[in-house]
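Lifted from Swiss-Prot, the feature list:
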type	residues	note
SIGNAL	1-17	signal peptide
CARBOHYD	N18	N-linked glycosylation site
CARBOHYD	N45	N-linked glycosylation site
CARBOHYD	N217	N-linked glycosylation site
REGION	246-309	region 'Interaction with gL'
CARBOHYD	N317	N-linked glycosylation site
CARBOHYD	N499	N-linked glycosylation site
CARBOHYD	N522	N-linked glycosylation site
CARBOHYD	N760	N-linked glycosylation site
CARBOHYD	N783	N-linked glycosylation site
TRANSMEM	803-823	transmembrane segment
TOPO_DOM	824-841	topological domain 'Intravirion'
Amino acid sequence: MFALVLAVVILPLWTTANKSYVTPTPATRSIGHMSALLREYSDRNMSLKLEAFYPTGFDEELIKSLHWGNDRKHVFLVIVKVNPTTHEGDVGLVIFPKYLLSPYHFKAEHRAPFPAGRFGFLSHPVTPDVSFFDSSFAPYLTTQHLVAFTTFPPNPLVWHLERAETAATAERPFGVSLLPARPTVPKNTILEHKAHFATWDALARHTFFSAEAIITNSTLRIHVPLFGSVWPIRYWATGSVLLTSDSGRVEVNIGVGFMSSLISLSSGPPIELIVVPHTVKLNAVTSDTTWFQLNPPGPDPGPSYRVYLLGRGLDMNFSKHATVDICAYPEESLDYRYHLSMAHTEALRMTTKADQHDINEESYYHIAARIATSIFALSEMGRTTEYFLLDEIVDVQYQLKFLNYILMRIGAGAHPNTISGTSDLIFADPSQLHDELSLLFGQVKPANVDYFISYDEARDQLKTAYALSRGQDHVNALSLARRVIMSIYKGLLVKQNLNATERQALFFASMILLNFREGLENSSRVLDGRTTLLLMTSMCTAAHATQAALNIQEGLAYLNPSKHMFTIPNVYSPCMGSLRTDLTEEIHVMNLLSAIPTRPGLNEVLHTQLDESEIFDAAFKTMMIFTTWTAKDLHILHTHVPEVFTCQDAAARNGEYVLILPAVQGHSYVITRNKPQRGLVYSLADVDVYNPISVVYLSRDTCVSEHGVIETVALPHPDNLKECLYCGSVFLRYLTTGAIMDIIIIDSKDTERQLAAMGNSTIPPFNPDMHGDDSKAVLLFPNGTVVTLLGFERRQAIRMSGQYLGASLGGAFLAVVGFGIIGWMLCGNSRLREYNKIPLT
């Protein structure tokens, strides 16, 4: 086992022209020989890796043997890796200019030496004259590059990468632009100096503000590339973004014409994507002994930028095709929407192959690079046009938060509690915007809290609240999110699909109510989450799942990233926020396949591009998106339904539950096809034995298993009662094949009346006439009672025994006869007959 010992010797080389060489030891010969080879390159920065044997200490004679004649320009850095037992190991020589010993400090100018919008006036960001005593030089003294490993591929011939077909050209220097086109500043408009919320109208209309801050507030910084493998870069910084988790990290530094994106993953080595103006050449730190200086790996410069990719030196698992793709990203477009659209597409496709413990390495690097490039593109677009829009800032902030969560949880396999992200962009102050937004929400009048004007307005407000939230949301934002979800739920009871605006509003409402970090002990927030999960699961009926899957397939089939932006909120479905994991079962996949012909355009695209097996595979993967999104998010489950994890129950963690339904606090219904280990267990009858359905009522305080009996009774009709008798109960429809079809929460008296209407119900799952004989239904009560739903009694009858009923009827009959005789005697035929006296004797 090697121990790492770093011995750094820094010596100026002095003239020893009249002094003889000392007889070298084996180590001296090796080092002296290599120093002689490098003598002629004394004006250049070089580094060298060599094998050698050497004594345990460095004495004066050894140091003197390293002289270079009259050369006074260089110093040696000797880095030693030694085995303490054999005293054998490696020596690395790193040679630096002597003038680095003279401290030199950059003087930051008051403003960047170039105006906005002028690429030709960009300051050269690369500097070779970094002070040896500057803190940015430390990585070069302790670098592992060329000592423990190499950051670059060993063969420089493969460093040159082909320019991708999607990269910018002279005819398209800024790449593609999406529709609608970016708004331009109207004439005579006075630009605000910074982004801020004055009124809610700022969201509905385009609000412009100046990009002058990029010029006046940028600061001069020095960037040390990955492992000190490239000489330092000086640039004017305009912002940074940091995305972290326990298994991944993305660090983005943005400057004027500059970007560095360091992307690392616990399961693989890091990479760094560097973007500089097209005239800039970076110098790699290499062991090369040729006359010319090598540039880091990357394609040829484009019309505006040059891209370099560092890392993955000895790792051949990262394909060259993927490398070329990533290098093309910064030049594909300066429209930030394009890169975010591609990130959403990759994220959606990643969920089709994800498991809760998987790491999707290639997707992780692609999405992270897209996120970084989108920030760079927005910064450069604002600088070149000299303005930004408020909705661009809100859009980017929400995208960073959402994509970071998906990137780390699904891409890196991170624990959700460890996921965090911060942004420090010079052209936007999230803290200030958050305070202004809170002020606007605080001005909402109580009379207006019970409704919202439109889904468009609600979407914009919730999007901004989600984007600028700092862990705790304003009470009125939470109230708006609840109302949006309930309104959409009521609408989906009678229809199967949502329009794009409704999907977007639902997405932001659910994100606000389900994803929060602070206030976990707040019972009202947990209750919000349980209610949201129950409503989302209720909206995810079998019919809606089919339509939602068709929406996703259409979104991907018609995807044209060079024209229109694609985002996950545009195709969001309640199924993505539900706790159903059964939608990949055969019946649901087949329902999707049978529904494809109802959308002729999609049907034509699929059958033109795919064969039958590929179409089936695509349908299966589409349904998998629903099961991966929330149902396997252990953070959400632990936070909102902790009772499924008590008693050391690993069923939820292992994905054994096909459905989870939060009931009253501390209790939940779960459906499983395995033998339950605890809870009140109801086994549904007349179900395929190979696909059984066990409904289990779990309590956080109960660790034993008990079998329950499903009651089969006609339930009282709710029209006879003013109160909602069945509110809080869940209607469950299933097939005798074992397939779960619909789960609907009875939320109000109106929904209860629809349930009791049976064959006259306008809610399709409630109407038995719309389903076959193999369709069955049960009602799950909040207290753990399960009843087979046969029908409802119109009026409540008085229960009496048979003997009592017979005696009552007999007595009534005799009374009627008696009263009839008396009446007949008193009143019968008095007008037709005369009364005769009884004769006397």
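Counting starts with 1 at the first residue shown.
Backbone N, Cα and C define each Cβ position, glycine as well.
Positions of Swiss-Prot features highlighted on the structure.
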residue	record	DSSP (3 states)
N217	N-linked glycosylation site	coil
N499	N-linked glycosylation site	coil
N522	N-linked glycosylation site	coil
N760	N-linked glycosylation site	helix
N783	N-linked glycosylation site	coil
Counting by DSSP secondary structure, give me helix, strand and coil numbers for the region 'Interaction with gL' (246-309). 0 helix, 34 strand, 30 coil
Glycosylation sites compared (N217, N499, N760, N783) - highest count of Cβ atoms within 10 Å: N217
Nearest by CA distance to N217 (N-linked glycosylation site): which of the glycosylation sites is it, out of N522, N760, N783? N522
Looking only at C-alpha atoms, tell me how far N499 (N-linked glycosylation site) is from N760 (N-linked glycosylation site), rounded to the nearest Å. 27
Over the region 'Interaction with gL' (246-309) the mean pLDDT stands at 86
